[in-house]
Amino acid sequence: MPSLGTMCSLLLFSVLWVDLAMAGSSFLSPEHQKLQQRKESKKPPAKLQPRALEGSLGPEDTSQVEEAEDELEIRFNAPFDVGIKLSGPQYHQHGQALGKFLQEVLWEDTNEALADE
């Protein structure tokens, strides 16, 4: 007959093994996936706030920025998606730099396409 130490060791091993098996099965179960999806759907999406031209935006300034009618939105696809939204004053201040950046990016893509041919 096995000794008391052997029996305790086997009992401890089996309890730990069952714990490990239960943890793995709960991870793979559909209920766990449903709970994860519910948790993700409850999180509100992060909303980005544009920066002011001078200083930081206060709560009263954000409504003015959101209601601005003279906004410009630029989107283009490279190996990744990029979106830029500017108000009229921001476009006048940063328009040349943005145009130069876009020309450089698009020019690199054109040069790479020509080199591949």
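From the backbone N, Cα and C atoms, a Cβ is placed for every residue, glycine too.
Residues or ranges marked as compositional bias 'Basic and acidic residues' by Swiss-Prot: 31-43.
Per Swiss-Prot, O-decanoyl serine is recorded for SER26, and the stated evidence type is similarity to another entry.
Swiss-Prot lists SER26 with the feature O-hexanoyl serine.
Under the heading O-octanoyl serine, Swiss-Prot lists SER26.
A C-beta separation below 8 Å, combined with a sequence spacing of at least six in one chain, links LEU98 (leucine amide) to ILE74, ILE84, LEU86, TYR91. LEU98 (leucine amide) falls within a helical segment according to DSSP. The leucine amide annotation in Swiss-Prot covers LEU98.
Taken from Swiss-Prot, the feature region 'Disordered' applies to 30-68.
Residues or ranges marked as signal peptide in Swiss-Prot (evidence: similarity to another entry): 1-23.
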